[in-house]
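Structure incoming, see below.
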């Protein structure tokens, strides 16, 4: 998941004393409502853009096409740049906001950044629910996107810093789990509001985003900032008091000293982005960027954004389309739970490779069925085939949700060394939001031009990313972050060539040498 700032890493083989205290559990649940908000925004747009009343008010051209698809055919009736902008503007705004959020996370703290996110969410929800024209609608989405940028930067970082080491992975995936729950919640809401007579159901769908927005805002007011953030901003005593409170023990001196040292080293790095481009950081940077691009080119967001529209295009009725989207949303939630339990047991590579096989075959089967059964001017997808398409979409979604979904964020967050972690995570978030925007803006046009071939396009990418995983992504399961260079990169058949001259380049800092000597 996206993060910024710095996280403390204990020395090799050391686990600090920490109880799983109620304050940690409550803080993590409250903070991770940021994921709920993000998920709801992803899920709600597809259902709303499938509602006739919404289309009639804001996109009359698309509305007329859905009423009479004869001229454009099934695959092209939703092809409209304005309609795609309604969905994608959120991600472009999120991308821009990430740069500001990276600063506020460090300078103002994680808690205040979450509060700013909550404020953006609430104003955006009000504008969307009360929208009178397309401009008001897009401005509302842009403000929601700003909220996403701030929340996605602060929340995962807050979770990883406040959680005891032994449950950090599970609590980090809690954010991703809440994203999937948000998508499911949005699908259920859309299913209910689509039945409302009088043409205001879409307003309720967009307005109910206020619930997770309020939860995040109230949560940000109630939680304490993380000890890492307080120490980073010079509040040492306050940081120590919070650390004692969240760990449930008085024996916090070793962890406190480690946090102070981590903060000192992080501050010594004057040019983290320049450090990031040095030869020894090439493997982490390449893998982080590749994971974000591949995550979007699995086609997952195309299906999640536009599930109801997609199912309607395939000839499902309005009810059946929303119902099918609810099913895929539920599968998404359950499969993310699988990831929480399996990621530290079977490892990252096994999950990525297994999912690659599952995603590839499910997409090829969908393409074959659609190629044979859904023509431009026919809606005769037989019930048996319709069920098979939904089953295959669920097979695809489940494999993504226990692999490329959470691991696309987890692997970059655990491979960057301390002195480039903030810069590395900022790059990770930006690349992800950029490619999310590209897919959201292009998908309906691609569906129009590629028709059933859209699934073959994405399955081709799945094949490419599986080959990349096979040869270039090392296993990082149960390896302390500060031992990655010795135990992972220097042992890897390809990446070890980048580790020969560990301290090349001009921007070498004390932090680099501290890390080399085992103090970071």
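Heads up, residue numbers simply count up from 1 along the chain you see.
Every residue, even glycine, has its Cβ placed from backbone N, Cα and C.
Heads up, here are the entries from TrEMBL:
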{"type": "TRANSMEM", "residues": "20-40", "note": "transmembrane segment"}
{"type": "DOMAIN", "residues": "27-477", "note": "domain 'Major facilitator superfamily (MFS) profile'"}
{"type": "TRANSMEM", "residues": "82-100", "note": "transmembrane segment"}
{"type": "TRANSMEM", "residues": "112-131", "note": "transmembrane segment"}
{"type": "TRANSMEM", "residues": "137-159", "note": "transmembrane segment"}
{"type": "TRANSMEM", "residues": "171-192", "note": "transmembrane segment"}
{"type": "TRANSMEM", "residues": "204-224", "note": "transmembrane segment"}
{"type": "TRANSMEM", "residues": "285-309", "note": "transmembrane segment"}
{"type": "TRANSMEM", "residues": "321-343", "note": "transmembrane segment"}
{"type": "TRANSMEM", "residues": "350-372", "note": "transmembrane segment"}
{"type": "TRANSMEM", "residues": "384-405", "note": "transmembrane segment"}
{"type": "TRANSMEM", "residues": "426-446", "note": "transmembrane segment"}
{"type": "TRANSMEM", "residues": "452-473", "note": "transmembrane segment"}
State the non-local partners of the transmembrane segment (20-40) in its own chain: residues 6+ outside its ends, Cβ under 8 Å from one of its Cβ atoms.
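Same-chain residues near the transmembrane segment (20-40) but 6 or more away: 114, 117, 121, 147-148, 151-152, 154-155, 158-159, 162-164, 167, 171, 174-186, 208-209, 212-213, 215-216, 218-220, 222-224, 245-248.
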Can you tell me which parts of the same chain pack against the transmembrane segment (82-100), counting only residues 6+ beyond its ends and a CB-CB cutoff under 8 A?
2, 41, 45-46, 49, 58-59, 62, 120, 134, 137-138, 141-150, 152-153, 305-306, 426, 429-430, 433-434, 436-437, 440-445
As a test: from 137-159, 204-224, 384-405, 452-473, pick the stretch that has the greatest number of Cβ pairs under 8 Å with the transmembrane segment (285-309).
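It is 452-473 that shares the most Cβ pairs under 8 Å with the transmembrane segment (285-309).
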Six or more residues beyond either end and a Cβ under 8 Å away: which residues meet both conditions relative to the transmembrane segment (350-372)?
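298-299, 314, 339, 342-343, 385, 388-389, 392-393, 395-396, 398-400, 402-404, 407, 451-456, 458-459, 462-463, 465-466, 469-470, 473.
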What stretch of 112-131, 137-159, 204-224 shows the most Cβ pairs under 8 Å to the transmembrane segment (426-446)?
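Answer, by Cβ pair count: 137-159.
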Can you say which of 112-131, 137-159, 384-405, 452-473 has the most Cβ pairs under 8 Å with the transmembrane segment (204-224)?
112-131
Quick test of the contact rule: Cβ under 8 Å, at least six residues beyond the ends. What residues does that give for the transmembrane segment (452-473)?
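Residues packing against the transmembrane segment (452-473) from afar: 286-287, 290, 294, 297-299, 302, 348-349, 352-353, 356-357, 359-360, 363-364, 366-367, 370-371, 374, 404, 411, 443, 446, 494-495.
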Residues sitting near the transmembrane segment (384-405): Cβ under 8 Å, six or more positions beyond its termini, same chain?
176, 180, 291, 294-295, 298-300, 303-304, 307, 311, 314-316, 320, 324, 327-328, 331-336, 338-339, 342, 351-352, 354-356, 358-359, 362-363, 365-366, 369-370, 373, 465
